[in-house]
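Now, the feature entries from TrEMBL:
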REGION    88-131  region 'Disordered'
COMPBIAS  94-105  compositional bias 'Low complexity'
REPEAT    158-191  repeat 'WD'
REPEAT    221-245  repeat 'WD'
REPEAT    255-296  repeat 'WD'
REPEAT    293-329  repeat 'WD'
REPEAT    330-380  repeat 'WD'
REPEAT    381-422  repeat 'WD'
Amino acid sequence: MSISSDEVNFLVYRYLQESGNHISQSNINGALVPPAALISIIQKGLQYVEAEVSINEDGTLFDGRPIESLSLIDAVMPDVVQTRQQAYRDKLAQQQQQQQQQQQQAAGSGTGPQGSTKNGEPAANGEENGSHALANHHSEMMEVDRDVEIPQSKAMVLRGHESEVFICAWNPVNDLLASGSGDSTARIWNLIENSTGGSTQLVLRHCIREGGQDVPSNKDVTSLDWNSEGTLLATGSYDGFARIWTKDGNLASTLGQHKGPIFALKWNKKGNFILSAGVDKTTIIWDAHTGENEVNAIKWDPTGSLLASCSDDMTLKIWSMKQDLCVHDLQAHSKEIYTIKWSPTGPGTNNPSANLMLASASFDSTVRLWDVERGVCIHTLTRHQEPVYSVAFSPDGRHLASGSFDKCVHIWNTQTGALVHSYRGTGGIFEVCWNATGDKVGASASDGSVSSSRGLRLSLLHSIVSDCRPLCSCRSACWT
């Protein structure tokens, strides 16, 4: 069982975020609640989940042995019991297959199995036995075939980290090894041959800005990756920041956009972009030179043959799976393009006779409709007064809904570009969507007055879109 303060804090934060509750006063007598009550009940819950994983429904021990302990985050994952048990079954099957192969090889050569123990029983070569032997090396050294054993003179143990080391990566050009640890540092180890016989290390301390000063973040370094030229190292941390370092250990830039820990990041082959993934359920593409999260949205067209992307550089690019270079590089917006949506029209859709269109929503307060085949803007929709965060086509593609931080939901005719109807809410609009039959629009607002569960009924739309045919339902805001 493993519980860290970060995990507990995150789950409490997630609960408050999801419930919208902020406790200012309570009728509970705090004097009656014992210290560490939350940790105590969490520990009991974690032990219960471990028991579920380790015990069958009839009360017998799962596959004759207990399962390894879980962390708090592991325990709250969906289907953790079935997933862990199936993973262990697969592992056992693999080990049994390896043992059978070894026995068959031994029978064919007339010799006993390699790696037998003092009692004459064959030792499994599975990962778990190896880990067990390493963990108990102080009591009994693992027996290794002398023909394959690496002598101590050929191995080097690098010491310097003050906590667990989670990840390491070789520089693709030089013998530099980067490592990331729970001590909130990454380190670059110089292992170039013919050096002084030891290793030098550069300590990359991960700090955050507090009170005008840089202080240690005290968060795990969870991921790291070298660019293809071996000149820059990117690191991701539990503090939610990605960082770029030179191979000399100097901090080049700090990338802060995630709202939670970063668990993975990767350079592209050219070394000009970094992709990061976080626990906030987002992936961000960063411009490695400017430090900006340049690409804001990537969308496939209805047939899956075209890909569109929009960016902070005010461009909209359309790509085809049939060629490497983009088909169109569309430039018309004067500020960042926040999102894009394909129309449900064109060949292969429920509306094959209508032309395929693409809508783009920008911080310049406009929405643009694009003819994808010609690569030209056919309509500029200009009635919003604030940044536009969402657009959605009706199921037949005849109308477009747009939502802006000016609190307005506008309905447009996609053929003429005319504003058909408008609704003004009480908060900035973050998302709009159509129901499956195309006679209602849902919207979510910043003040919570319009929620994704209840939606926003625009009865005046019934007369203008009564002939809509069903195509799809909404994802972020739904009608009941």
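Here the Cβ of each residue, glycine as well, is placed from N, Cα and C on the backbone.
If one looks beyond the repeat 'WD' (158-191) by at least 6 residues along the same chain, the residues whose Cβ comes under 8 Å of a Cβ in the stretch are 199-206, 216-226, 228-230, 233, 235, 237, 245, 247, 249. For the repeat 'WD' (158-191), the predicted model reports an average pLDDT of 89.
In the repeat 'WD' (255-296), the DSSP tally of helix, strand and coil residues is 0 helix, 21 strand, 21 coil.
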